[in-house]
Amino acid sequence: MEHIRTPKVENVRLLDRSSGQRKASIGTLYLSATHTIFVENNPETRKESWVLHSMVSSVERTPTIPAGSQVILRCKDFRVFQILVPQERDCLDVHTSLVRLSRPEKYSELYCLSFNPNVNKEERQESWSFMDLTADYKRMGLPNNLWVSTAANSEYRVCETYPSELFVPKSATPPIIVGSARFRSRGRFPALSYFHQDTLAAVCRCSQPLSGFSGRCQEDEAMLQALMKANPGSDYIYVVDTRPKLNAMANRAAGKGYENEDHYTNIKLHFIGIENIHVMRSSQQKIIDVGEMRFPSMTDFLYGLENSGWLKHIKAILDAGLFIARAVADEGISVLVHCSDGWDRTAQACSVASILLDPYYRTIRGLMVLIERDWVSFGHKFSHRYGHLDGDPKEVSPVIDQFVECVWQLSEQFPCAFEFNERFLVAIHTHIYSCQYGTFLGNCQKERRDMRLGERTHSVWPELWKERAQYTNPLYRAEQSQSQGVLRPNTTPYCFKMWKGLYNHAEKSTPPRQSPADFLSTVREESQQLEEELANQQERIAALNGEPITWEKVLRRRTSRPRPPPLRAGPAVFYTDPTSSPAQEPPPPRRISLCSRPGVGSRRLLHCCLRGQRPLLWLEGGLFLQ
Amino acid sequence: MEFSEHIKTANVEDVVLRQPLHPPGRGTLCITGHHLLFSDREEGSCRQVLLLLRNIDAIEKSVENLLTCSGLFSNAGLSQRLSGSSGTITIKCKDLRVLQLDIPGMEECLNIARSIETLSCLDSMSELYPFFYRPSSASLRDQWGLSSLERHYSQMKELHDRWRLSTVNRDFSVCPSYPQAVIVPKSTDDDMLEKVAKFRQGGRFPVLCYYHKKNGMVIMRSSQPLTGANRKHCREDEQLLQAVIDGSDKGYIIDTRSSQQALQARMTGGGLESKSCYSSWKRLQRQMERGKALQESLIKLVEACGEESNNMDRWLSKLENSKWLSHVQTALSTAGLLAECVERDGHSVLVHGSEGTDSTLLISTLAQLIMDPSCRTLEGFLTLLEREWVQAGHPFQQRCAHSAHSHARLQQESPVFLLLLDCVWQLWRQFPLALGFSEALLLRLATEAYASDYGTFLGNNQQERCALGVKENTHCLFQALLRPRERDCYSNPLYEHTELAIWPSVYPQSLQLWRGFFLRWTPQTHHLEEAQEEIRNMVIEWGKLALSSCPASTRRSEDVQNM
C-alpha cells in the first residue's frame with residue numbers, strides 16, 4: 001500500500017490501443033494494491049477495465065501536452081493502454097506508483113499471496129493434489145524393469161533445480177548418478193522425460209557436459225551407456241544438442257561444451273540450432289511491434305514478420321521436437337536432449353516431442369500434466385524468464401511462449417487433433433505471467449517448497465479444469481485418426497503463420513467475428529442433449545408398450561438451430577488511408593482478459609455487450625463531414 | 001475425328017504415373033482428343049486418372065537413351081533396357097497439380113508429348129470438350145443458366161419505377177461484350193444509349209449492376225470515357241449519369257486506376273470524367289493491379305509455393321515479393337469502399353477502370369457479397385457470378401488461356417477471376433457462418449474456369465457464345481453444381497442467414513494465403529479438409545437427432561440436411 005501515491009484520479013482518459021479503440025473514454029482511475037482499475041464515466045456502460053500490476057511489463061511517461069500528461073502501460077499479454085491524466089502532478093504520482101507496483105521486489109508482494117478465493121484449507125490442499133506426476137509416469141508404464149524411480153535427489157542433494165523424484169535407467173546406480181551430475185552443468189544429470197511404450201525408446205534430458213576441450217567422466221559415460229541399455233532394441237542413442245553448433249563449440253572454451261563422440265561409445269550427436277534466450281527476447285519484441293503497427297501495408301507486414309525472425313525460431317523448435325519424435329517412434333532410438341543448462345531449449349524440445357508422440361498430451365488435462373512435468377517440475381526458471389520480480393532484464397525471455405505457440409501452430413495444422421482450443425493456450429500464457437496462482441512461481445521445486453507455496457497460494461490447474469467447457473475444441477474426437485498416434489507435422493515454412501490471437505489484439509477485439517467453434521460447441525452440446533432425450537423417449541416407448549405417444553407434450557424443447565454470435569453492425573476497418581485521428585469510436589472490446597478481480601467472476605465483464613455506434617465515414621479530403 | 005492426326009501414339013503400356021498425395025502407379029496411358037487417361041494395372045487396384053488435356057498448362061519432357069536408368073521397379077529397368085530408351089513427361093496443370101509420367105520408349109514419349117502440346121491448346125473453340133461432353137445424367141434440353149437479365153429485372157419490382165430494360169444491344173452491335181438486355185435509367189432512350197456507347201471504350205456504356213434495396217442506391221458499371229487528348233465530352237453520357245442520381249445530391253465514381261494512369265489514358269484515346277462536365281459526381285481513384293502484372297504475381301506465388309526450401313526468410317520474402325496478398329488486400333478494400341459509399345453514405349456509385357471487364361467486375365461482385373444477403377447463398381452466389389462475370393462479358397477465354405506454369409508468351413492472360421475467388425475465400429474465412437457455400441465450391445470454380453466439361457466459361461462474351469451455340473450444344477456448369485449431390489458438397493453446413501453487411505477486415509494480419517488452392521496438393525491441406533468434413537458430419541448428425549426426437553421440427557431438419 002505504501003507504494004500507492006494516489007489511489008484515485010478523476011477525469012482520466014483511457015485508450016485501449018491494442019483493441020483498436022480510436023477514441024479515448026473518460027473516467028476515473030483507481031490504483032489498488034493489485035490492480036489498476038478504470039471505470040468509465042458514461043452512466044450507460046460504466047465499463048470497467050482491470051489491469052493486474054503483475055501483467056504490466058513497462059510504464060512509460062511521455063512529454064506533457066496541453067491536455068495533460070500521458071502514461072503508456074504495456075502489458076505482458078501484449079495489450080497497450082494509454083492513460084491521459086489532466087494534472088501533471090497526478091500523472092507523476094500514477095507513473096511512480098505503477099512503476100513500483102509493477103516491479104515487485106519480493107515474492108511476498110506478488111498477487112498470488114494475497115489472492116484469496118473463497119475456498120477453505122482442505123479445498124486448497126486438494127487443488128494442489130489435482131496434479132499428480134506419478135500418475136503420468138504410471139500411465140507411461142513406469143516404473144518397469146528398464147526404468148526406475150531414484151531417490152538420489154531427495155532433499156535436492158544432487159541437483160538443486162531438479163525435482164526430488166526422477167526416473168533413471170535401472171542400471172544407473174547412485175554413484176553413477178552423482179558422478180554424472182558432477183560432470184554436468186548445474187548438476188542436471190540425464191533423467192527421463194518421456195517413455196514411449198510402443199518402441200521402448202525414451203526421451204531423456206540433461207544439461208551440457210563440463211567437458212571443455214578434453215575433459216571426460218567415466219560415470220557420465222556409464223550413464224549414457226545405461227540409457228542406451230535401457231532400450232533393448234537399439235545399439236546407440238541420439239544426443240541432441242539444441243544449440244547452434246557454433247555456440248556449443250564456444251562453450252568448450254569455458255570448460256563446458258558437448259559430448260565428444262570419441263569418448264562416448266554408441267552415441268550420435270545431432271545439433272538443432274535453436275537460438276539463445278537473448279536472440280528470442282529481441283525477436284519477440286520485433287513481432288510485438290509488427291502486431292502493434294497501426295495501418296501497415298501488406299509489404300510492411302510481411303517484411304516485419306520476416307525481419308523479426310520469430311517464425312524461423314518457432315520452426316526450429318518444432319523441427320527439434322519432430323526430430324526427437326521421429327527417432328523415438330520410427331527408429332525406436334532413445335534420445336538425450338540438452339542445451340546449455342537444460343532448462344530452456346531442452347524443455348521446449350522435449351515437450352514438443354511429447355505432444356507429437358503421445359495423444360494424451362493433446363488433451364486438456366494432458367497438456368497441463370506436460371507443462372507441470374517438463375517445465376514446472378524439471379526446474380524452468382519461471383520467475384526469471386517471465387519477470388515476476390524486478391530483476392535482471394537479460395534473464396527475461398519468452399521461452400514457454402514459444403512452446404505454447406508451437407502447440408498453436410500444430411493445432412492449426414491438425415484442427416481435429418487437440419481437445420483444447422486457442423483460448424486455453426492464451427489462458428495458460430496469461431497465467432504464466434499473472435502470478436495469480438502459485439503454480440508458476442519461483443524457479444524450481446525446491447524454491448517453491450521453501451516458500452511453502454502449497455500452503456500460501458492456490459494452484460492454477462484445477463481452476464482451468466473447472467472452466468474446461470469453454471476451452472474445448474468441438475472438432476476433437478478422441479477416436480479419430482487425426483487424434484491418434486504420432487503427429488507428423490509438415491514444417492515447410494508455408495505452414496507457419498503469425499499467431500494473431502496472441503500478438504494482434506487490435507484485430508482480435510474488433511467486434512466479434514463469427515466463430516464456428518462456438519457455434520459447433522453449441523451444436524455438439526445440443527446433439528448430446530437430443531441423444532439423451534431420444535434414449536429417454538425410447539425407454540418410455542418401451543415402458544408404455546404400445547400405448548399412443550403424445551409427442552407434443554413430451555417435447556417442449558428448443559429445436560431451432562443454435563444462434564450464432566451477432567455480427568457487428570458496421571465496419572471496424574476503414575477502406576481508406578487514415579491521416580489523422582478520426583472522431584469515431586468502435587464498439588468496446590468484448591474480450592477483457594485478466595480481469596482477475598478477487599471474489600467476483602470475470603463473466604460480468606465479458607458480457608459487456610456491443611453498442612454498435614454508427615461510425616462516421618471517413619474518406620480522404622474531408623469528403624464526408626458527417 | 002480430326003484430332004486423330006495429332007495422335008501418333010494413342011496407347012502406351014507400362015507407364016509409371018507419379019502424382020501428389022498418391023503412391024506411384026504403373027499402368028496404361030491412353031490419349032484421346034480431349035483426355036489423358038491412365039489406368040492402373042497394379043494388382044488389387046483399379047485406379048483411373050482422367051485428365052482433361054485443356055487442364056494442362058505446360059509440359060516438360062526429357063528423354064534418355066538409357067542403360068543407366070534406375071527404375072522404381074526392378075522389372076521396369078528390364079523393359080526399359082529392352083527398348084533401349086525411355087522418357088519422362090512432367091505435366092503441370094492449371095489447377096496447380098504436377099504429374100509425372102515415366103514412359104518406356106523414346107518415340108512414344110515424344111509422340112505423347114507432342115500430342116499433349118497440340119491438343120491442350122486448341123485454338124478453335126468449337127473443338128473444345130464441352131461440345132462433346134454428353135453425360136447420361138443430363139440432357140441438352142435442360143435449362144441452361146440460372147437466370148437472365150430479363151428475369152432479374154422482372155423479379156426486381158423496386159426497379160420498375162425508375163429503371164427500364166433496354167434491348168438496344170439485341171444484335172450485339174452497340175456493345176459486343178454486353179448481353180442483349182441491360183438495365184438503364186428509364187429516362188434514357190435507346191438512341192441516347194447508342195451515343196453514349198460510342199463515348200465509352202468497347203461500347204460499354206453505364207448500366208445498372210446492383211440496386212441496394214435498403215436505400216434505393218445503385219452500383220453502375222461501365223468502361224472508361226473516350227475523352228482523349230482533346231477532352232471530348234458527351235452530353236448524353238452526362239445526362240445518363242445525371243439520371244442515375246436523379247433526386248440525390250451526388251454520386252461517386254470509383255476509378256480502378258491511379259490518377260496518373262487515368263490521365264495517361266487520354267493519350268491513347270481514353271480518359272476520365274472531368275469535374276466540370278460531371279459536377280455532381282465525385283471521383284475516387286483506387287489503383288488496382290491488372291493484366292500482366294497480376295499474371296506475373298500469380299506465377300511468382302505459385303513458384304514460391306512449389307519450392308521445397310526449408311528457409312523461413314526465403315519463403316516470407318518470396319511471398320511478399322509475389323504481391324499476391326497485396327492485390328487481395330487492395331481488391332477487398334476497394335470493394336469495401338464501394339460498399340461503404342452505397343450502404344453507409346447512401347449514394348450511388350459508378351465503377352470503371354479502363355475496359356470495364358476485369359477489376360470493375362471484381363469489386364462490384366465483392367461489394368454485392370458484402371452488402372446483399374441474397375448473393376450469399378449457393379444459388380445466389382452462382383447467379384451473381386453468372387450475371388456479373390459470364391453475362392457481363394469477362395473475357396474468360398483470353399484471361400484463362402494459361403495459368404501459372406505456362407512458358408507461353410503472355411498475351412491476354414490474367415487471373416482476375418482467381419483473385420475474385422481468393423477474395424471470396426477471405427470473406428468466407430472471416431465470416432464462416434455468413435456464406436452459404438463451401439470452400440470446395442470456390443476450388444471447383446477455380447478449376448472449371450481454366451478447363452471444363454461445361455460450356456459456362458467458354459468464350460469471351462455472350463455474342464461469342466451465341467455464335468457458337470453454347471447454349472444449345474453444351475451443358476451448364478451452374479445447373480450441374482445445384483444438383484442434389486453436388487449441392488450437398490458445395491453448401492456450407494454452418495450457414496446462417498444474416499441481413500447485415502459483412503465488412504471484411506483488410507488488415508494484413510487478417511488476410512491469409514489461400515492454402516486450399518495454392519497448397520492444394522500438399523498433405524496438410526488434407527487435415528483441413530478432414531476438419532471441414534467433421535463439421536459437416538456434426539451438423540448433419542445434429543439435424544438427424546433433431547428430426548428423430550421431434551417430428552414437429554421435421555421441416556427445419558430437412559433444411560439442414562439439404563443444405
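Keep in mind that glycine also has a Cβ here, set from the backbone N, Cα and C atoms.
The model shown is predicted, which means the values in this text are computed figures rather than measured ones.
Copied over from TrEMBL:
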type	residues	note
DOMAIN	A:127-503	domain 'Myotubularin phosphatase'
BINDING	A:N276, A:I277, A:C339, A:S340, A:D341, A:G342, A:W343, A:D344, A:R345	substrate binding site
ACT_SITE	A:C339	active site, phosphocysteine intermediate
COILED	A:520-547	coiled coil
REGION	A:557-591	region 'Disordered'
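Sequence-distant neighbours of A:W343 (substrate binding site): residues of the same chain at least 6 apart with a C-beta under 8 Å from its C-beta are A:T161, A:R188, A:S207, A:F378, A:G379, A:H380, A:K381.
A:R345 (substrate binding site) carries a helical DSSP state (H, G or I). Most buried of the binding-site residues A:N276, A:C339, A:D341, judged by other Cβ atoms within 10 Å, is A:C339. In sequence order, A:S207, A:T242, A:R243, A:T346 are the residues of the same chain, not among A:N276, A:I277, A:C339, A:S340, A:D341, A:G342, A:W343, A:D344, A:R345, whose CB sits within 8 A of the CB centroid for the substrate site. Counting every protein chain shown, the Cβ of A:R345 (substrate binding site) has 29 other Cβ atoms within 10 Å.
In the predicted model, the domain 'Myotubularin phosphatase' (A:127-503) has a mean pLDDT of 93.
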